[in-house]
Every structure is written in structure tokens, then in C-alpha cells.
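Chemist: This structure is in C-alpha cells; I'll ask about it shortly.
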């Protein structure tokens with residue numbers, strides 16, 4: 001029994017797409033990790049970075065195993081896909097559960113805002129100017145004793161309060177807007193993880209089919 005060329009080259013094309021997908025998930029995960037808003041807030045990002053790296057390596061090895069018809073490489077590829085599939089499921093669960101706890105993380109990790117990095121403070125101040133809000137959870141008090149100039153009330157239609165006894169600042173916190181941005185980032189990460197998981201199921205099926213066909217071919221020749 002000869003190896004089905006269609007399955008062989010389908011597996012090769014799959015692994016090429018798999019390798020590209022690994023690069024995408026790795027790139028997006030790193031972007032979310034280094035972003036001053038997402039970094040440290042979204043659960044499972046470190047796991048997704050590891051998964052993306054391994055997927056990229058497995059995609060390359062899978063292409064080699066399919067072209068060379070190596071049973072050892074194909075079995076390693078299958079086992080690797082299975083392990084990555086399990087890790088992606090875990091990362092997806094962590095991400096889905098973590099969305100409901102974002103506000104708790106914001107309060108526990110980002111307050112007071114004065115203690116955060118200059119990069120994050122700059123981002124927050126730009127956000128406050130554009131969204132006409134101040135602070136994250138409780139309003140101006142999130143900055144500590146003194147709110148930055150980005151909180152200054154320049155729009156009289158917004159709710160403001162007197163601060164420092166000499167200037168008015170926005171009273172509304174930026175919670176909803178920040179949580180919306182973080183939720184979108186989570187959806188992106190989960191969507192990519194789900195797409196990769198679907199590809200993995202097809203990849204495992206192709207790899208095992210080709211593995212069995214190669215074994216039958218060797219048995220026939222012997």
C-alpha cells in the first residue's frame with residue numbers, strides 16, 4: 001500500500017499554515033504582554049507565548065516529517081500537537097475566567113497610579129485627556145494626593161469637582177473604557193487560540209493517518 005500523496009501534501013500545507021499561525025499567536029501574545037495596558041493583567045499570556053513558540057517549532061518539524069515520511073517525526077509531531085492543544089484549552093479557560101476579575105486586578109495591581117511605570121502613567125494621562133475621565137476605579141484619588149494635569153476639567157458638560165483647592169478635575173473614572181480595551185485584547189487572544197486549536201485537530205488527524213499508512217507500506221515491503 002503506497003502512501004497517499006494527497007494526505008502527505010495536505011499535511012505539509014497544514015504544517016506551513018500551522019507555522020504561520022504559530023508566528024501570529026507568538027507575535028500577538030508578545031504585543032499584549034509588552035503593552036502598558038494589557039501586560040500583567042491578562043491571565044495566560046505567558047502560556048500563550050510559550051505555546052506560540054512551540055507551535056512554530058512543531059510546524060517546521062511537521063513539514064520535515066511529512067516530506068521525508070518519517071514515522072518518528074510524525075509521532076513526535078502528533079504528541080506535541082496533543083500537548084499544545086491541552087495547554088491552549090487551559091489558557092482559554094484562564095482567559096475566560098480572568099475577564100470577570102479584571103476590575104479586581106486593576107485595583108490590586110495598578111493603584112495608586114503614581115507607583116506605576118512612567119510608560120503606563122503617560123498612557124493613562126493620554127487616555128484621560130481623550131476620554132475626559134480621571135483615574136481608574138475611584139476617580140482622581142487613584143493618583144494619590146495630586147491628580148495630573150490630564151485630569152483638569154476642560155469640558156464643562158462633564159461632572160467635575162474641586163481639587164487642591166484651586167482647580168477642577170474630572171470626577172468620572174476611566175474604568176469602563178479601560179475594561180473595554182482589556183476585554184477586546186482578551187477576545188483577540190482567545191479567538192486566535194480557538195483558531196489554532198481547530199487547526200490542531202485536523203493536523204493530528206492528518207499526522208496519524210499518514211503515520212499509519214507509512215507503517216502499512218513498510219509492512220508490505222518487508
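Each residue's number is its place along the chain shown, starting with 1.
Heads up, the Cβ atoms here are built off N, Cα and C, so glycines get one too.
Take a look at what TrEMBL says about it:
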- 133-160: disulfide bond (DISULFID)
- 134-151: disulfide bond (DISULFID)
- 12-32: transmembrane segment (TRANSMEM)
- 44-67: transmembrane segment (TRANSMEM)
- 74-97: transmembrane segment (TRANSMEM)
- 187-212: transmembrane segment (TRANSMEM)
Chemist: Would you identify which of the disulfide-bonded residues 133, 134, 151 has the most other C-beta atoms lying within 10 angstroms of its C-beta?
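Modeler: For the disulfide-bonded residues 133, 134, 151, the Cβ with the most other Cβ atoms within 10 Å is 134.
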Chemist: Short question: most Cβ pairs under 8 Å with the transmembrane segment (44-67), which of 12-32, 74-97, 187-212?
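Modeler: Counting Cβ pairs under 8 Å, the winner is 12-32.
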Chemist: In angstrom units, rounded to an integer, how far apart are the Cα atoms of residue 160 (disulfide bond) and residue 151 (disulfide bond)?
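Modeler: Between the alpha carbons of residue 160 (disulfide bond) and residue 151 (disulfide bond) there are 10 Å.
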Chemist: Using a Cβ cut-off of under 8 Å, list the residues of the same chain at least 6 residues beyond the transmembrane segment (74-97) that approach it.
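Modeler: Those are 15, 42-44, 47-48, 50-51, 54-55, 58, 61-62, 65-66, 186, 189-190, 193-194, 196-197, 200-201, 203-204, 207-208, 210-211, 214, in sequence order.
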Chemist: Can you tell me how many other Cβ atoms are located within 10 Å of the Cβ belonging to residue 160 (disulfide bond)?
Modeler: 21
